[in-house]
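Colleague: Attaching a single structure in structure tokens format; questions to follow.
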Amino acid sequence: MIPVNFSIEKARLAQKKIAEKVVERDEIELPLRLAAGVDVAYKNDKAFAAGVVVDVQTLSPVEVSVTEVEVKFPYIPTLLAFREVWPAFKALKKLRSTYQVLFVDGNGRLHPYKAGFACHLGVVVGKPTIGVAKKLLMGSVERLSDKLGMVIYNGEVLAYAVKLGRSRRDIYISVGNKLTLNTALKLAISLTKSNASLPEPIRLAHIYATSARKRNS
DNA sequence: GCGACAG
DNA sequence: ATCTTGTCGC
């Protein structure tokens, strides 16, 4: 399943280039009306990616796209992007709506090479992107309150640990591209329904990707 | 060398 | 991520 021409060295070089292209300034086009989310589900060697566009005001989905592709890379910690970027990109490509910000399931700058999946996809798509991870990949959490904490690695704040909605579990928000960590946190919070534990774009994308996987089983 | 390790 | 049953709660 690993491409014949693959090597850790080449992957690290690619991640180094991606990391250099990440912009950590707010470049969100206003007014912010639509937000997208992507997620990928798997069934053996098939990947089912779903892209969802949500209205920022109502948090209701206005468009959904689903794509099925062959899995061509295994899951390897720190190399998640190489497995999910293509399916996710293909699903986003099918959306006709113009969204201003994108939510990705996985880390952005909270990555050993500061080039997590959210950065990788964010650079490829060229839009403001937010990384949302449900588990901590690296770093330590410095609590600011029960609901919020900073994830620090090498003396740098690379993510926020935050409990959304009524959840008592932390999720980790980091910069994917074209926005600030503070903006990423603010948007993640404002796009989360009071009874949910994840921002709507991601929550819905997960539901659609999973249902697509089941339908095609 | 050992253990950890997004989805 | 995926594999899995019942079960607690709104």
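The backbone N, Cα and C atoms fix where each Cβ goes, and this holds for glycine too.
So TrEMBL says this about it:
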BINDING   A:Asp39, A:Asp105  Mg(2+) binding site
SITE      A:Tyr75  site 'Interaction with target DNA'
Colleague: Under a three-state reading of DSSP, tell me whether A:Tyr75 (site 'Interaction with target DNA') is helix, strand or coil.
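Modeller: The residue in question, A:Tyr75 (site 'Interaction with target DNA'), is coil (DSSP, three-state).
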Colleague: For each of A:Asp39, A:Asp105, count the other CB atoms within 10 A of its CB; which of these binding-site residues has the top count?
Modeller: A:Asp39
